[in-house]
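Notes follow once the structure below has been shown.
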């Protein structure tokens, strides 16, 4: 953030990442509004993925033609697994948003670094050095993130602000709403796990099995179509281009720091467009998750800087030896 004053060096990436997080928050709110209007979530996922594929395919075919790897069986299997984990995570997110709220989904999305670290440990892609501060930060950050997720899901507490009055029917439905909130949180956590596995085109097949009514696949000029267009154009294509450009300009660490901002955007948009309440438990849990998120991020950054310093120290004697040998030859 300190680099904001250095011209447009970090100002434009800052604006770009804020816009990207705003599109992500808007995506969750639009999904919730569409499902309130009885739009089938599986149909939305398939149409959104299909349209975003059509929009992004030209970039992959023409802009990155020289970078394309050969289509081997191993590469095809990798593509299949990426598509499976990515689409499964999206479906879990839709179910979680339907059962709970966009704010909860946005908060639990910050569990991705923690679950990625756990999976990396399981597959031996990471190692924990208990006396190293970077490893300690990653472990403690992971524990804090998961603990924060439990707080957000299981403890609501008093309302910080509410957008509608409590009536008798709401009190009757309070217990079932609490169960839906917990189930929604579980599905959102599953989304984070699948997204983590996505990092290390079965969606259509799944939807065809789950949605057998042909009328569900018919597109109408309603909020469902708006949701599909928003997901494909704004939440996928524009956000992808913004994030890619910001990573090129400012680096991945700078861009990763903005993910918790989506919680704030989603909370406000949920209150405005969905009349969502915001409770003390959600605030406490979100703060704990964000602290854990930044701890894991800091630990990973420190570890990478230590590795870079170690590589420089190993390389420097190799460059100095020929110079010493040349001097000795000159003296002789």
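Cβ atoms here come from the backbone N, Cα and C positions, even for glycine.
What you see is a predicted model, and the numbers here were worked out from it, not measured in a lab.
Residues or ranges marked as transmembrane segment by TrEMBL: 12-35 (among others). Long-range contacts of the transmembrane segment (12-35) within its own chain (CB-CB distance under 8 A, at least 6 residues past either end) are made by residues 1, 4, 41, 44, 94, 97-98, 101-102, 105-106, 223-224, 226-227, 230-231, 234-235, 238-239, 242-243, 245-246, 249-250, 254-255, 258-259, 261-262, 265-266, 269-270, 273-274.
Residues or ranges marked as domain 'EamA' by TrEMBL: 16-153.
If you look up TrEMBL, you'll see 42-61 (among others) marked as transmembrane segment.
The transmembrane segment annotation in TrEMBL covers 73-97 (among others).
What TrEMBL lists as transmembrane segment is 104-123 (among others). Counting only same-chain residues 6+ beyond the ends of the transmembrane segment (104-123), those with a CB under 8 A from a CB of the stretch are 24-25, 28, 93, 96-97, 138, 141-142, 145-146, 148-149, 152-153, 181, 184-185, 188-189, 191-193, 195-197, 199-200, 256, 259-260, 262-263, 265-267, 282, 285-286, 289-290, 292-293, 296-297, 300.
As annotated by TrEMBL, transmembrane segment applies to 143-161 (among others). Same-chain residues lying 6+ beyond the ends of the transmembrane segment (143-161) with a Cβ under 8 Å from its Cβ atoms: 104, 107-108, 110-111, 113-114, 178, 181-182, 185-186, 189, 271, 277-293, 295-296.
Annotated transmembrane segment per TrEMBL: 181-201 (among others), in sequence order.
Marked as transmembrane segment by TrEMBL: 221-242 (among others).
Residues of the same chain lying 6 or more positions beyond the ends of the transmembrane segment (254-274) and with a Cβ under 8 Å from any Cβ of it are 10, 13, 17-18, 20-22, 24-26, 28-29, 32-33, 36, 101-103, 105-107, 109-110, 113, 161, 163, 243, 246-247, 282, 286, 289-290, 293-294, 297. What TrEMBL records for 254-274 (among others) is transmembrane segment.
Marked as transmembrane segment by TrEMBL: 280-299 (among others).
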Q: Six or more residues out from either end of the transmembrane segment (221-242), which same-chain residues have a Cβ under 8 Å from its Cβ atoms?
A: 16-17, 19-20, 23-24, 26-27, 30-31, 33-34, 37, 39, 43-44, 47-52, 55-56
